[in-house]
């Protein structure tokens, strides 16, 4: 005891006090921590109970609107069948490859008794199809405007929708006629955009904007918003969703968040689909023989089965044809927004609507900035006021009308000039986008702004409107004389790069109709060449520029778009069809010569991008031998003469190109319009005086060099008296007009 007291004297007493106080403080701290943990556990428990209640309510709501879980194997319908009573039905267990590789066994046959009621096609809700009530684009049944942009497909920014929705709830809204709409910061246009739009208006371009009364006020969705289902039978409740800017026609997510999420397999419609409708789920349709006359009568309207297309719903479902792992791919939350541009002229009503609906239904709303329809001076009445009225229900859709026929290239430029999205997505006006088509394209541009991704283009039959698969590992190529085609990726390339079915595929030439490109990069490249006419060559021109100027073209297997491939091109060319295409291709070939972009050469493109090209870039080369003189053509002091043939002499080396030029380095042989003279001029693929026919289909003149520039048939002839060259009227029997290259590659 004495020892203890001794330790508590003086400084020891202070230390003992500090120790006791520390112990007491520690006990209080532990008690407070325990109380805090109890509070957190209680809060988590309450939140869990609330979430379970929300899940139960959402399940009840889904049962009410008839949502079913899609099958992940075999035949995978993006949208399952819905009965009138809302009961779940199983999808037909038909394997995908049996249906979509021309092995279709259970073809759908149209029966008049089941499909029609007084001449009108019936939908599942008993309403008559708007399309079946018209003849050649006649009057359309009026339908209540539906805003597809209000329907948010996910519960949070990054959560993947577990099922595909078959109905889109529409927020019940009452707009005060005098209400002022909230200002959207994303609605601002740069001075450049406004100037471009003013210039378009001055030049005869009519840009239609959504009407003010059609726009939606910016507001926050309340905790319990009343929603009316598509059949208008009863009211249901929808739980709170993230705050979303609902300003019509613009990006619904003003602030991008970091992170990644799985690709969204969206397919949103404003009403349940009729599973019994013809052509539903991309199935083939066999019409009765009594309809053959009507089919043939309307075939020339679009050079496909227009009659059948008008009977198929404009928002039909198509099979999910992506490789299995595509649905699990991760993409960034901060993807750029896009403007989708459709250019059309006298397009069939039903296919144009089906194209627009497929983009609206299957694109994440926060990424789809707008859809621009560029009307290239269509003559059909249904593409005027009727189209304006129909598209007015979609605030993201606006129409630009060109007063004169400009052609595909300049029509696309008009749409790109007023686009507000960060990415331009060009689509044809007779397509159907598949589920999950957009995000994989934008992901590639997000990773590298100079990548130009293209979807896999699948086939929609022009006869039975069925949706068909295409083989994987296909890429776009060209063959001389610059003819586009499809070719499989070489086996050695697949093995060397250990390519998987979902890997992007390097594509030497894009098909041209369907691709996405960063808007700034598009204009940095010089956009399209505005001198190109109508159709033909624009895909070559932009493909060469992209590859030669630091970009890359890729085909993305996880992005799929169906396209109606027609046997004949329906476009009416303002000039002769063949000459129009040839002129376009001639301008494309100027790219390397002009070097306006200071990019790599066309030879670099052939060596590095398309090294497996199996046809040469020229038709013939080497010495040019004259049968009459038994000598070879030679360049001597800027003029042509003849010498004894010598393969080692550079002055005797000539090329005969696909643009029909007789070329020696940068000089080409040119015919004079008058007299018998000729000249050597700098090569220019746009000049007709530089073009010569050789190995033509005319068997009598097959070895003659015939000038394209001179109206009468004038041929290049050797003059035996002074070893000179001149132009003379073509004579099939003259040996002095017969020429031969030592290395001919192509024989026409």
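Quick reminder: no glycine exception, Cβ is built from N, Cα and C everywhere.
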In TrEMBL, of the candidate ranges 11-42, 107-138, the one given as region 'Disordered' runs 107-138
TrEMBL feature region 'Disordered', matched against 61-89, 148-176, maps to 61-89
Mean of pLDDT values spanning the domain 'Ricin B lectin' (621-742) | 85
Could you give me the DSSP helix, strand and coil counts for the domain 'Ricin B lectin' (621-742)?
-> 12 helix, 56 strand, 54 coil
